[in-house]
Ligand code: HEC
């Protein structure tokens, strides 16, 4: 019984540890950010077209709203440059966890508001809410991502 219990706990712990420590966290993070980047560009392209398609914007808003809540959990300790020299994650993520959490909340709130605005179809509101999402990306990158040349 005791052995079975230990085995059960081990089985439960192993995937979590592998996720936190393995190189896959970098790929998962990269893929999630890339998906958000594509959704942002796809939306911006609609506004630039002069004849935005609300269905396309709604689909992008759904991608953003689904991806945003995943970001906070994708930065376990030890997954900065120490685990992958190519990572642009700054140590501030782990030094200022409350600030990082606030930046994540801003993203989640902004993507929710954006998705809600697309449901109304009011294009002025949609564009304003889209701008706020972009602001939330920039806000976090300024403090927590290595500056890009
Ligand atoms: C709470 C902080 C935070 C928010 C909010 C955030 N990012 Fe990032 N982003 C990062 C960090 C940190 C990295 C660097 C990750 C790494 O290199 O390990 C990054 C990297 C990226 C990358 C490069 C991915 C790669 O691996 O090459 C893209 C693209 C990106 N973010 C897009 C976005 C977009 C679009 C948004 C808003 C919709 C956004 N991010 C919001 C923190 C954030």
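Heads up, the Cβ atoms here are built off N, Cα and C, so glycines get one too.
Features as listed in TrEMBL:
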- 137, 140, 141: heme c binding site (BINDING)
- 1-20: signal peptide (SIGNAL)
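Annotated features, which come from TrEMBL, shown on the structure.
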residue	record	Cβ neighbours (10 Å)
137	heme c binding site	21
140	heme c binding site	18
141	heme c binding site	15
8 Å Cβ shell about 137, 140, 141 centroid, heme c site members excluded: 103, 107, 136, 138, 139, 142, 144, 145
Coarse DSSP state, helix versus strand versus coil, of residue 140 (heme c binding site): helix
